[in-house]
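Chemist: The following block contains the structure, expressed as structure tokens.
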């Protein structure tokens, strides 16, 4: 059996090409989606249309006001009903503003049909004659090469913020990236990159826009510029192409496109169909992103360090070791010209490449900083090494021109300083690379290959083909075999299996998947073959959105970072003053004999001793450690959070979360599961096939309560798949009341008490009594009438999430107050609050009233976190100090929240708060280390201990200590990678309290 399963695996050839094979077993899809004007799935969402052809079926937008929606379940019902209609391209539902926007093909459907469909679901809908204004703001990310400390990043950030048209700019030292929000009508990305390069740093565009994907192709067979122009023209003719860039030297074509309209296979097909079909296109090898850049940076520093060792080790040996070996000492001390020795000349020759070739980066960095009237670490290194090197050059030249001068050179100081600093930078970039491992791991979740299925017009599988997963396009049908990863976001069209989603959502147990269920790209299929229709690819995929969210979080600065930014403005100038003061103090003391001559080493005079103290002060000071203290901890913390299913949107959220002492919970979908279920049934009269009749009536309704009843009937019959209910005639949905229909010749009414009263159906006393009981228990009573007689009542409830009571109890033990604010009635709210253990309740609150309540709590001195479903709780999420949005792994684009809990799991509230506390304590420790190191190191380097202990810090040792300080701060942050959730939560898991 295992061998048979493996025979279905996706096999990628060495050259990256795909292989095809016919199938003997071909599953059939009885109800595949229909496309306008006969477009089938084989067309992959009109993939071969040109712009001219697209006009044949133009698109229209319609905006509806939808009254009656209260939660995400309502929104899902409306959206699903609209998308089932023919000729619908997209539907977006905004519960908070009661709006629904629909993009449709007017040749196949009109606004009135869409409006009627919404009302059939059970809501009131009105068409709004309003045009949406086009957004002109765009976000781009740019990699900045050459930044060394906080001063560099602050300089670039201030320059970008000064550009007209830039709304917001963030520059992160740890990631060496800038994220800029700008008005495209005023400024473009090329002008932004030019502004960065004018500050002296190299700028590389990473991405622009949020709605576009980008792919890089390598084209073989191109020999002339004319051919490239032909390729560019062919690509521009494809609908959905936003930008085309060509690099003739690398034979590289970069295409930005909208995945809704086109995809990479279209581009390859367009290129290969040009002229005599002599061009061949494939995915450009090597890819992009942070990793290649980081590997290149690590390689550069490693090579620089190794080359510096080639020259520095001989300099060190000739000045520190060989002088004690008699034979070699005699050769080195031999005179060349006047008092110039072989040793001095050799050290000069060896130290010069280290100073001006290996150390050139420090000169360029210092020049860039000084040009913009700022000073950074490069200025300190350049000043320190130049002082040692040029004093040594002066000493050597004077020895060569004087028959009596006996000087001492410090070539080993400058060479060893640069070597140790380069080693420190090498170790630092290695460690910084590990801080972003979370992103690399997320990106690695996507499989390399996918199996693409070809279907005929009837939905039969005719062929399967292994392709590069980057070539997947929207609406492709993909085959997912057991043990392989899901290649793209989509929904199951055939098959049944269990999928492990822990790598995306953090949910430890496999989730059952069958026809109609959604799957997330990068998750692992455990058993059973699935056929999945891709719905979100490229930059739209859940994985891409998670990566983008984590990257944005790592860009955002924590408020505590401002402390380091303030210090960095004055740090380097202060160190230069201290260094000069140290040299002057020791030189003056020596000149006026303020200390005994016995203090001066035999190989030096008082000037040289003072110079060494001054250089040591200059090179031991480390602004880098201060600059890296916060961003590295935030990078690791957000990465760890992502692996735990907690997406933290930056340092601001981390800093605020660790202070939280009050948490406000929404009820529906937060404390409760958010999915109504039938919990009790009361029969007033015995009716054969009672549930079958009720389900047949409700199956035509999209209302969440109707779905709960149908699901309950399915489980009662013991068959969840392929249910066939009796046909309902004269079906009518009555908004806010219920439904009515004729089933098996019986007049059915299913709904609330007002529906019965309006239909002249009397409600007996025992039914009234049962309804009162259900209300006390926070349940909804649904009355069922057959032929104008009430025969039964269904009690529907939104049950508490497993572990909700325990989570509230743990929060109490952490001295965090829990409050519930809900739009539901007081009876239901008090019942749920009592069950979960919350004492303070505010019910019947509208979205704006929830926000006001949070403001009141803040004015009372609380640091407030709001936990909600991220839809109708948006105002409250924004108003709170920390907004936490409960949502599944696919719902990660919740703008209002600071923290997104990907598992609909309340215990992650505790994880988020605990992780923020651990991260912030690590930031504090980093600052204590960085400041303590400078506060202790500078006085020691200045010679405070020298009078009493004769201990002095040679400049090369001071340089090594400076390099080590940055590495130690990064390594301290890396310890967060070993974060473990609180033991109290582990106890919950042991007891089996988990959220489905």
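Here the Cβ of each residue, glycine as well, is placed from N, Cα and C on the backbone.
Found this in TrEMBL, in case it helps:
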REGION    14-54  region 'Disordered'
COMPBIAS  40-54  compositional bias 'Basic and acidic residues'
DOMAIN    60-126  domain 'HMA'
DOMAIN    138-204  domain 'HMA'
DOMAIN    213-279  domain 'HMA'
TRANSMEM  304-325  transmembrane segment
TRANSMEM  345-363  transmembrane segment
TRANSMEM  375-394  transmembrane segment
TRANSMEM  414-431  transmembrane segment
TRANSMEM  570-589  transmembrane segment
TRANSMEM  609-629  transmembrane segment
TRANSMEM  927-947  transmembrane segment
TRANSMEM  953-976  transmembrane segment
Chemist: If we call contact 3 or more Cβ pairs under 8 Å (sequence gap 6 or more), are the transmembrane segment (345-363) and the transmembrane segment (414-431) touching?
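Modeler: Between the transmembrane segment (414-431) and the transmembrane segment (345-363), which are separate recorded stretches, there is contact, as judged by 3 or more close Cβ pairs.
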Chemist: Residues sitting near the transmembrane segment (414-431): Cβ under 8 Å, six or more positions beyond its termini, same chain?
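Modeler: Residues 294, 297-298, 301-302, 304-305, 308-309, 311-312, 315-316, 350-351, 354-355, 358-359, 362, 381, 384-386, 388-389, 392, 619, 624, 628, 955-956, 959-960, 962-964, 966-967, 970-971, 974.
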Chemist: Six or more residues out from either end of the transmembrane segment (953-976), which same-chain residues have a Cβ under 8 Å from its Cβ atoms?
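Modeler: For the transmembrane segment (953-976), the sequence-distant neighbours (Cβ-Cβ under 8 Å, at least 6 residues beyond its ends) are 381, 384, 388, 410, 412-413, 416-418, 420-421, 423-425, 427-428, 431-432, 434-435, 612, 615-617, 619-622, 624-625, 628-629, 632-633, 635-637, 640, 918-919, 922, 925-926, 929-930, 933, 937, 940-941.
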Chemist: Helix, strand, coil: count each for the residues of the domain 'HMA' (138-204), based on DSSP.
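Modeler: Here the numbers are 22 helix, 25 strand, 20 coil.
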Chemist: With DSSP as the reference, give the number of residues of the domain 'HMA' (213-279) in helix, strand and coil.
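Modeler: The composition, in the requested order, is 21 helix, 22 strand, 24 coil.
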Chemist: Taking 3+ C-beta pairs under 8 angstroms (sequence gap of 6 or more) as contact, is the transmembrane segment (609-629) in contact with the transmembrane segment (375-394)?
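Modeler: As far as Cβ distances go (cut-off 8 Å, pairs 6 or more apart), the transmembrane segment (609-629) and the transmembrane segment (375-394) touch.
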Chemist: Mind looking up the mean pLDDT for the domain 'HMA' (138-204) in the predicted model?
Modeler: 85
Chemist: Sequence-remote contacts (6 or more beyond its ends) of the transmembrane segment (375-394), Cβ cut-off under 8 Å?
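Modeler: The answer is 148-149, 151-152, 347-348, 351, 355, 359, 361-366, 369, 409-411, 413-414, 417-418, 421, 572-573, 575-576, 579, 608, 611, 614-615, 618-619, 621-624, 955, 959.
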